[in-house]
């Protein structure tokens with residue numbers, strides 16, 4: 001036995017990149033964590049949480065519309081190219097930062113305290129998004145309850161909220177197949193139900209006079225926050241179990257809607273409209289920008305959710321494999337959702353005898369007007385309506401879990417001794433505070449405020465944060481050092497593809513996106529309503545505030561150091577002494593014995609005592625130590 005161990009010590013073992021320590025037999029998943037912080041309790045918790053976080057409402061109500069307006073099937077060319085240039089590298093970078101340090105979006109900037117303002121900007125952005133995102137979930141809950149009836153309330157005119165312009169856009173063909181009325185001068189019952197009953201937007205004169213609170217929406221919003229709080233009650237231990245349902249059940253419903261959609265008459269008319277390639281669109285820069293924006297926002301990079309989830313992983317979790325599973329799965333889901341949506345829209349256009357483009361919409365217009373109207377044309381319409389909105393509910397909740405967990409984790413990691421023992425109370429206070437701040441969204445003019453938050457809270461500010469993070473890690477911390485850290489975790493260094501993207505392609509693409517969004521700036525609008533100048537200024541300041549937190553954080557970091565300005569900048573940009581893996585046995589090379597209260601200068605021996613012998617990852621640690629020693633000798 002002793003000879004076998006000696007032979008294993010002499011012969012490096014190549015790590016199996018498709019396996020993680022948790023896959024290699026029945027091991028205790030808790031051995032690789034600090035007990036007080038919490039961790040994933042199952043092998044699939046992390047993967048399903050990431051899938052649930054990335055696959056959200058945008059996959060259903062933004063991607064299909066964005067695809068057909070930008071070249072149909074030809075849009076997939078820039079879409080997958082931008083996924084390779086921006087999506088996958090940024091996704092892997094954020095997961096690597098979180099897993100290596102086991103820290104949230106604020107504390108992770110021990111890597112370079114000069115840029116801690118980027119972490120604060122992340123929290124501001126994710127906080128604003130969480131406020132209005134849960135309002136969308138409240139709308140979904142409203143429609144979900146409204147579907148529990150034998151006759152959908154938006155199916156017919158003649159209700160107190162309908163006007164004289166209301167016309168039931170179904171079965172209105174005459175014998176020759178021509179419509180007796182011009183639909184452009186009429187309004188569907190589903191549109192008036194949404195605007196005049198659900199929103200009651202006629203009770204508001206604009207964003208400056210929101211009107212009274214809609215108590216039915218207020219209660220739906222309260223229910224949404226209660227659901228979120230109960231699911232994150234015990235952190236990732238509870239939300240990690242909920243996602244087994246919320247991340248998988250939407251796929252079952254999506255497949256059911258897809259099968260029902262493609263069997264409808266006229267379905268292929270909509271699918272053809274959705275995917276017919278129009279390659280001349282590829283000559284337009286707008287199409288490439290739209291593809292990059294879709295990738296950027298659908299994967300959720302820069303919000304801190306991925307970093308937070310990865311911080312609860314084991315140190316050797318194979319995030320390289322998980323990156324490709326989640327990013328490609330997200331793209332495929334978006335494409336499948338397009339088939340489910342446009343097959344029904346094709347049927348709807350045939351029933352109304354109008355072009356598909358006339359019924360196709362994006363965003364809330366698709367989810368709360370067009371698709372509900374299409375549901376009224378189907379047999380068992382309440383059943384299909386309930387399934388559709390239940391799918392939207394599960395899609396939205398996963399993302400909201402991530403937003404709240406990001407905020408809670410970031411703050412508790414900054415004040416662990418005070419807040420970790422009271423994490424449940426702190427999470428409840430966050431939910432209550434955000435519910436109160438979101439009450440303005442439940443007023444008659446709440447939709448105006450929601451549009452303003454949606455347009456500005458995560459626009460150019462989020463791009464600035466991601467660009468800053470990418471440059472700080474690869475340029476200030478150093479691409480070689482970052483790749484060495486990944487080598488410690490996974491047993492291999494990222495290849496030329498990731499290095500080229502992190503150093504050049506990804507920052508350049510994001511910078512082009514930022515410039516484009518500024519040059520092509522358009523004021524916010526909702527339907528025919530144009531926002532006043534003060535509202536536009538408020539939105540711009542909302543985006544600028546997250547950007548200004550970065551230089552503000554730099555100023556604070558510099559003032560905390562001593563010496564000349566240049567010396568202060570150098571000291572503030574260096575990693576702190578306790579930067580590195582959170583557990584002592586994972587700290588090798590430059591990270592040896594840098595934890596407060598560290599007793600052992602040989603973390604490798606801790607591994608040997610705990611696991612017995614040398615594993616592939618310990619061989620990797622020996623290799624990293626040897627590389628560091630060789631670099632130090634060459635510098636002397």
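The backbone N, Cα and C atoms fix where each Cβ goes, glycine too.
Quantities reported herein were computed from a predicted structural model and do not represent experimental measurements.
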- Query: Ranges 242-268, 350-376: which does TrEMBL label transmembrane segment?
  - Reply: 242-268
- Query: According to TrEMBL, which listed range is transmembrane segment: 170-191, 456-477, 566-587?
  - Reply: 456-477
- Candidate ranges 14-36, 497-519 [criterion: TrEMBL lists as transmembrane segment]: 497-519
- Item | Integer Å distance between the CA atoms belonging to residue 157 (disulfide bond) and residue 55 (Na(+) binding site) | 35
- Task: Please report how many Å separate the Cα atom of residue 166 (disulfide bond) from that of residue 59 (Na(+) binding site), as a whole number.
- Result: 31
- Task: Other Cβ atoms within 10 Å is the metric here; tell me which of the recorded positions 55, 157, 166 scores highest.
- Result: 55
- Note on the structure: Same-chain neighbours of the Na(+) site, Cβ within 8 Å of the mean position of the Cβ atoms of 52, 55, 59, 298, 330, 395, 398, 399 and not counting those residues, run in sequence order as 51, 53, 54, 56, 57, 58, 300, 333
- Near the transmembrane segment (456-477), which residues from the same chain, at least 6 beyond its ends, have a CB less than 8 A from one of its CBs? 90, 93-94, 97, 111-112, 114-115, 118, 121-122, 125, 128-129, 132, 296-297, 301-303, 502-503, 506-507, 510-511, 513-514, 517-518, 524, 539-540, 542-547, 550, 573, 575
- Counting Cβ pairs under 8 Å to the transmembrane segment (242-268), which of 46-64, 118-145, 288-312, 324-348, 424-450 comes out on top? 324-348
- If you draw a 10 Å sphere on the Cβ of residue 398 (Na(+) binding site), how many other Cβ atoms land inside? 25
- Query: What is the Cβ neighbour count of residue 395 (Na(+) binding site) at a 10 Å cut-off, with all protein chains included?
  - Reply: 27
